[in-house]
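Taking it in order: structure first as structure tokens, then the write-up.
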Amino acid sequence: MTNIRKSHPLAKIINHSFIDLPAPSNISAWWNFGSLLGVCLALQIITGLFLAMHYTADTTTAFSSVTHICRDVNYGWLIRYAHANGASMFFIFLYFHIGRGIYYGSYTFMETWNIGVILLFAVMATAFMGYVLPWGQMSFWGATVITNLLSAIPYIGTSLVEWIWGGFSVDKATLTRFFAFHFILPFIITAMVAIHLLFLHETGSNNPSGLTSDSDKIPFHPYYTIKDILGLLFMLLALMMLILFSPDLLGDPDNYTPANPLNTPPHIKPEWYFLFAYAILRSIPNKLGGVLALVFSILILMLFPSLHMSKQRSMSFRPLSQCLLWILVANLIILTWIGGQPVEYPFISIGQMASISYFCIILILMPATSLMENKMLKW
């Protein structure tokens, strides 16, 4: 008799995806982030569902309803902070996951990579709309500033912004629709994750050497299930320490002031995970130019397969490319720092230099270095 795991139509899908899946024998802890992102997504959907049971998407009561969740709902404070800090963990893992993909050349799986970039855009949109929901000062002004960027689009810009707002300013209609979109998007993301995995399982996982591993595969379970559970324990430890010891560490104090359209906060800034893109946006004095730079700073990820000039897939044996990648990481940290600073000297010029460096490293220096490494190896 055949094992039900291998014969039942539903169990068969799970078996081929998580149990009998052939996996390379040498994948490192950098391959843990995919499963951790899956756990984060599940955590966000579950905590978000419980928050939605008590939240009201109305300008007069939204702020009070969040306060009510934290004060009066059983473990409401825990659910709220798990959701807010869970989003931060989500982005930390996303950036690690993308960084690993760049380092080890995983972007050569074109379909998987491009769906991943679309997923990144969807997660960023979801996080932005979620930040608006508590209806604090930074929620309101963040929504106003970021949606206003669309007015830079020639001819249709102003009409488009008013259409998104549902009026002539960010108001009740905007909050209601943002809540609706914030609720539905994670389910769309879940469906896209399934497609992401579908394409990944067509090719199989990459590995640190960048070489094909068909001759040396091991079953996913128990080897990588145990490894993923260990990663999960570390994640939960970090997340619980963040929630229980300093839940507001990554938030903005201005968001504890109810939204007031008549009073602008001294410095409008998004959550920490958008600061690098915000710095790139602000570094260009022209509005349309800034918006294009902002979009292209993420969209540039889709160019990685075309910009790959090396004869080797992974950076494991390419020290010059490795140095350049770590310079890019340092550059992104500088951009994140600049995004949180006021628009004044010397931050403006530092931001402009870091923005130029960002695009130069990816578009010029990395391909040039790859070609140079090929020459050094006489390929």
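Glycine residues also receive a Cβ, built from the backbone N, Cα and C atoms like all the rest.
For the transmembrane segment (33-53), the residues of the chain that approach it from at least six positions outside its boundaries are 69, 79-80, 82-83, 86-87, 89-90, 93-94, 96-97, 100, 182-183, 186-187, 189-190, 193, 228, 231-232, 235, judged by C-beta separation under 8 angstroms. The feature transmembrane segment is assigned by Swiss-Prot to 33-53 (among others), with similarity to another entry given as support.
Residues or ranges marked as transmembrane segment by Swiss-Prot: 77-98 (among others).
According to Swiss-Prot, the heme b b562 binding site annotation covers HIS83, HIS182, on the basis of similarity to another entry. Counting only same-chain residues six or more apart in sequence, the Cβ atoms lying under 8 angstroms from the Cβ of HIS182 (heme b b562 binding site) belong to GLY48, THR126, MET129, GLY130, LEU133.
Around the Cβ of HIS196 (heme b b566 binding site), the same chain contributes THR112, ILE115, GLY116, LEU119, each under 8 angstroms and 6 or more positions distant in sequence. If you look up Swiss-Prot, you'll see HIS97, HIS196 marked as heme b b566 binding site, on the strength of similarity to another entry.
Per Swiss-Prot, the feature transmembrane segment maps to 113-133 (among others); the stated evidence is similarity to another entry. For the transmembrane segment (113-133), the residues of the chain that approach it from at least six positions outside its boundaries are 55, 57, 62, 66, 87, 90-91, 94, 98, 101, 106-107, 139-140, 142-143, 146, 174-175, 178-179, 181-182, 185-186, 188-189, 192-193, 195-196, 199, 270-271, 273-274, 298-299, 301-302, 304-305, judged by C-beta separation under 8 angstroms.
Long-range Cβ contacts of the transmembrane segment (178-198) within its own chain (Cβ-Cβ under 8 Å, at least 6 residues beyond either end) map to 17, 38, 41, 44-45, 48, 52, 55, 57, 112, 115-116, 118-119, 122-123, 125-126, 129-130, 132-133, 143. Per Swiss-Prot, transmembrane segment is recorded for 178-198 (among others), and the stated evidence type is similarity to another entry.
Annotation source Swiss-Prot lists ubiquinone binding site at HIS201. Sequence-distant neighbours of HIS201 (ubiquinone binding site): residues of the same chain at least 6 apart with a C-beta under 8 Å from its C-beta are HIS16, SER17, LEU21.
As annotated by Swiss-Prot, transmembrane segment applies to 226-246 (among others), with the evidence given as similarity to another entry.
Annotated transmembrane segment per Swiss-Prot: 288-308 (among others), in sequence order, evidence recorded as similarity to another entry.
Here the transmembrane segment (320-340) has long-range neighbours at 99, 102-103, 269-270, 272, 274-280, 282, 310, 347, 350-351, 354-355, 357-358, 361-362, 365-366, 369-370, 372-373, meaning same-chain residues at least 6 beyond its ends whose C-beta is under 8 angstroms from one of its own. Among the features that Swiss-Prot reports, transmembrane segment is placed at 320-340 (among others), with the record citing similarity to another entry.
Sequence annotations record features per position, and here Swiss-Prot assigns transmembrane segment to 347-367 (among others).
Under 8 Å from some Cβ of the transmembrane segment (77-98) lie the Cβ atoms of residues 30, 33-34, 36-37, 40-41, 43-44, 47-48, 50-51, 66, 69-71, 116, 120, 123, 127, 130, 235, 238-239, 242-243, 247, 250-251, 271-273, 301, all in the same chain and six or more residues away from its ends. When Cβ-Cβ distances below 8 Å are used as the criterion, the transmembrane segment (347-367) is approached by residues 279-280, 282-284, 293, 296-297, 300, 303-304, 307-309, 321, 324-325, 327-328, 331-332, 334-335, 338-339, 341 of the same chain, each at least six residues removed from its ends. Taking CA atoms as the reference points, HIS97 (heme b b566 binding site) and HIS83 (heme b b562 binding site) are 20 Å apart. Within the same chain, residues 98, 102, 105, 107-108, 110, 113-114, 117, 120-121, 124, 149-150, 152-154, 276-278, 280-282, 355, 358-359, 362-363, 366-367, 370 sit at least 6 positions outside the transmembrane segment (288-308) and bring their C-beta atoms closer than 8 Å to a C-beta of that stretch.
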